[in-house]
Amino acid sequence: MPIEDRDDAHVITHALAKHTLSELRSDETDQVAFRNGLVELGRLCGYEIIDGMMDTEYVSITTPLAETTGEVVKGLDDVVIVNVLRAATPFVEGLVEAFPHARQGVISAGRDEAAGMNEDGEFPITVDYVKLPDIDADDTVIVADPILATGSTMVAVLEEVLEQGTPERLVVLSAVSAPPGLARVNDSIPSADVLTVSVDERLDEDGYIVPGVGDAGDRAFGT
């Protein structure tokens with residue numbers, strides 16, 4: 001699966017990922033189809049991480065007929081997936097299909113919508129709950145949130161993750177990102193690799209991505 005490298009992100013260009021995201025964007029996509037689409041997109045993104053960001057090695061294999069050499073992915077047992085509640089839940093469901101042996105963590109964090117976005121394009125963030133496994137130096141940690149808008153929530157989440165430990169690789173995974181969010185994450189946590197399916201045009205005055213997909217949590221959960 002191909003990846004396009006930008007200065008601010010790695011962008012997935014695989015045709016099926018783009019197709020699935022296009023279905024998610026449509027306001028005619030109902031709640032069940034939206035949720036299922038996020039699951040599918042999470043699975044595809046997981047394969048992209050394996051293909052583009054993880055190393056392989058050659059091993060000797062004995063088949064029922066002969067000795068041969070196979071190629072395996074290194075580090076599949078050293079993956080931690082962090083679910084940023086709540087919109088990431090179906091996204092992570094698909095991601096776990098690609099990483100069935102991953103350890104998982106959960107962080108509940110969100111904007112203070114009543115306070116609004118300040119002049120720097122940031123929201124106050126409330127972190128309500130953090131439950132993470134141990135993070136080791138040889139781990140790949142994938143922090144999944146389908147929407148990376150202002151980056152305020154993601155930076156708060158990444159700071160919680162790094163308090164738990166410093167992994168070998170820290171990946172921020174989103175479906176749709178906006179330039180201000182990418183800039184904030186890259187400036188605040190330069191060790192993170194951002195992987196996204198689309199970098200959209202801008203944020204509106206309420207901090208939503210345009211054209212985006214709308215409120216991913218509301219659309220996925222029917223609220």
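Even glycines carry a Cβ here, placed using N, Cα and C.
Since this is a predicted model, take the numbers as computed values, not measurements.
Summarising the annotation, Swiss-Prot assigns 5-phospho-alpha-D-ribose 1-diphosphate binding site to Arg86, Arg111, Asp145, Pro146, Ile147, Leu148, Ala149, Thr150, Gly151, Ser152, Thr153, Asp215. The uracil binding site annotation in Swiss-Prot covers Ile209, Gly214, Asp215, Ala216 and rests on sequence analysis.
Within 8 Å of the Cβ centroid of the uracil site, not counting the listed residues Ile209, Gly214, Asp215, Ala216, the chain contributes Ala87, Ile147, Val176, Tyr208, Gly212, Val213, Gly217, Asp218, Arg219. For the pair Gly151 (5-phospho-alpha-D-ribose 1-diphosphate binding site) and Ile209 (uracil binding site), the Cα-Cα distance reads 11 Å. Within 10 Å of Ile209 (uracil binding site), counting CA to CA, the binding-site residues Asp145, Ile147, Ala149, Thr153 contribute Ile147, Ala149. Each residue contributes its Cα atom, and for Gly214 (uracil binding site) and Arg86 (5-phospho-alpha-D-ribose 1-diphosphate binding site) those atoms are 15 Å apart. Closest to Asp215 (uracil binding site) in space, going by CA atoms and restricting to the binding-site residues Asp145, Ile147, Thr153, is Ile147.
Between Ala149 (5-phospho-alpha-D-ribose 1-diphosphate binding site) and Ala216 (uracil binding site), the C-alpha separation comes to 12 Å. Considering only the binding-site residues Ala149, Ala216, the Cβ with the fewest other Cβ atoms within 10 Å is that of Ala216. Applying an 8 A CB threshold to same-chain residues 6+ apart, the list for Asp145 (5-phospho-alpha-D-ribose 1-diphosphate binding site) reads Val84, Ala87, Ala88, Phe91, Thr153, Met154, Val157, Val172, Leu173, Ser174.
Comparing the binding-site residues Gly151, Gly214 by how many other C-beta atoms lie within 10 angstroms of each C-beta, the top residue is Gly151. Calculated from their C-alpha atoms, the gap between Arg86 (5-phospho-alpha-D-ribose 1-diphosphate binding site) and Ala216 (uracil binding site) amounts to 9 Å.
Around Arg86 (5-phospho-alpha-D-ribose 1-diphosphate binding site), taking its Cβ as the centre, 15 other Cβ atoms fall within 10 Å, counting all chains. The CA atom of Ala216 (uracil binding site) is located 7 Å away from the CA atom of Ile147 (5-phospho-alpha-D-ribose 1-diphosphate binding site). DSSP assigns Thr153 (5-phospho-alpha-D-ribose 1-diphosphate binding site) to a helical segment in the three-state reduction.
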